[in-house]
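Record features, source TrEMBL:
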- 26-46: region 'Disordered' (REGION)
- 26-36: compositional bias 'Basic and acidic residues' (COMPBIAS)
- 40-80: domain 'Zinc finger-XS' (DOMAIN)
- 113-223: domain 'XS' (DOMAIN)
- 299-320: region 'Disordered' (REGION)
- 299-316: compositional bias 'Basic and acidic residues' (COMPBIAS)
- 344-364: region 'Disordered' (REGION)
- 449-483: coiled coil (COILED)
- 524-653: domain 'Factor of DNA methylation 1-5/IDN2' (DOMAIN)
Amino acid sequence: MDDSDSLMSDDEEEIYENSLKELRNGKVPVKNHDGATLRCPYSPGRKKQSYQYKDLLQHAEAVGKGNRGPSAVGKHSALAEYLRTDLASMAPAPMERSHKLELLAPQEKDVNDLLLFPWTGVVYNIQTKPNKDGFIVGPSDPELKIMFNAFQPEKAQAVWEKPGHMGVGFVTFQKDFSGWKSAQEFEKWFSRNEHGKKEWESKKHGGLGTELYGWLARKEDYEGHGDQAVIARHLQKRGPLELKDIGIIGEEINSMHEARVKHLNETVSEKNLEFLKAMEEVQISKMRYENMRRELEEKHRQELRDVTEKAEKSAQDRMNQMKNQQTILQSSQNKLAERLKQLRDREKRVQSQAEKNQLDHEKKENNLRLEMLTRQKELEKQHQADMFSLMDKQQKEAGDFEKWVQLRKLRMAEKHLQEFDKHRLGEIRDAEKFAEALDDPTLFEPSHLKEMKERLASMESEKAQLQEQVVDLKEDVECHNDMIAALTTKERAANDELLEARKVAMEAMKSLGEANLSGKICIKSMGEISAGPWKEACKKKYKYHEDGWDSVFTQKFSLWEEQIRHPEFSPFVPAQNGKPGEKQVDYSNEKLMELKEELGETVVESVVVAVQELEKFNPSGRYPVKQLWNRDAGKVATLAESFEYILSVIKNKPKPKKRKVAG
């Protein structure tokens, strides 16, 4: 039971255990009669009942991880477990990757041709000479390593015993695939020059001359006697015998790869569970937000009702206030009119001039107050008219909105009515057809009844097939979703391997050294400003500067290197005739125009190119990144171009001359 099964409910787990027992007891058959194909005993309605192993396993895992109910989930999970454990022998052999095939050794290996590990080259007949004390001397370990530096040895060791240098040395190579290739080149080089072990054995009793002899150490060298005793003694000092070939190394790499694939599969399963958990959380969040939305809508409606009621109450209060004010003004006006009438009556009875003057003064004050009250009354009437106008406007707007809502409801109701009428019309037509059929005298004849039964059976069969297709499509969708998730993970792993391969290619390019200075492929820092145009421009303009043109160049160049790293600096505008999202250089940019005026167009172009490279290769980090660059094509080099170039450089490298050691 895998990790995914641990998430089963109690019902699903009980069904899982019972189904697994039935499968293992043979009560529920899985194999077809041909013995080569399989069937799904828990999907009897499926049209397809002849599966290959991987297809049935994929079907069982997909349904087991789905949501088709406890019975389907438990039974299909048990079927998947049964296939993985009890029928694992029917699983097809996994397809090997191409690089694994390259590492595999031949099927029939010669055990005697296994090489000592780590790969070790034996060098014999190294020229030596006695010193003044009679002690034999010869090349040291570093000198011996330099002699075979073309084969990139990890280390070299000369054999010294009591008499001195024994004329024998060992060259040890790295323990990986590259070390094995270097070791093979080492042995082939001696064989091509007829100075391998075969020639050494035929000439070792007197005819070796001054030439070096070399081969790769094997079991017979480790256990050697006689002339090979010196070699055997020193090989045995390094540790116990360990023999390997590239096939064994390839098998180790394959096992590592299989472990990695297993780990990735486990990661995919974990991610699927996390995805399902996230989906559940999304559904819960969706329900919670739906409740929040309904609460907000209700709150909004309540607030709208409160605002409407408040507005209506405010309008009513204002109307009452205006009526009270109007009543007060009318009362004051009546009092002033009455006062004016009294003053006129007094005027008829005035005798002296002083009384007449006093009466005139009171009449003026009364007329003034009456005029002010009249104006105030007219102003209140205007305010009241404005208030009524505003209320009419708001009522009209509310009425228009209500009419619009009612119109929308009416149109929706008409649409629903038309749909209902259309449906009812279809029912009426079917009823009329049925009534016409009832009037048909041949309706109940045996032949007609048989035809109707056949048609009904055909329709039921078509319905069952359609339902089965729906189930199949749902299962296929689930399988495809699982497959897409797995392929996505594999794609990411492949991208990681591709990035690692580019790193290896860059390291190889760096190791070429001077041979790479003017080659077709080079390592270029994308996003780095080219210093050449700057030096030329500064040398020309600031030739007689008091600090020297090179000091000015360093200062300005450093400032612009910092400038292009700021995300705010982006001298681009949307392309006028390009695709959406396309940009073009804005040469009217203020800073670019100042730079052009100061140092010229070539300097501006160097800045533009650097910024374009940053935007393309590292828009988030805004710092230069190294890329393999094809000088001839003026673009990023592919891995194939890079490795082809590296191999051509190594192949055309001059071979080291044979070095003779003075005897």
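Positions of Cβ are set from backbone N, Cα and C atoms, glycine also.
Quick caveat, the model's predicted, so the values are computed rather than measured.
Secondary structure of the domain 'XS' (113-223), assigned with DSSP and counted as helix (H, G, I), strand (E, B) and coil, comes to 38 helix, 32 strand, 41 coil. Over the coiled coil (449-483) the predicted model carries a mean pLDDT of 72.
Under 8 Å from some Cβ of the region 'Disordered' (26-46) lie the Cβ atoms of residues 19, 52-53, 56, 59-60, 63, 72, 75-76, 79, 82-83, 87, 90, 464, 468, 471-472, all in the same chain and six or more residues away from its ends. Here the region 'Disordered' (344-364) has, by DSSP, the following mix of helix, strand and coil residues: 16 helix, 0 strand, 5 coil. For the compositional bias 'Basic and acidic residues' (26-36), the DSSP-based tally of helix, strand and coil residues reads 0 helix, 1 strand, 10 coil.
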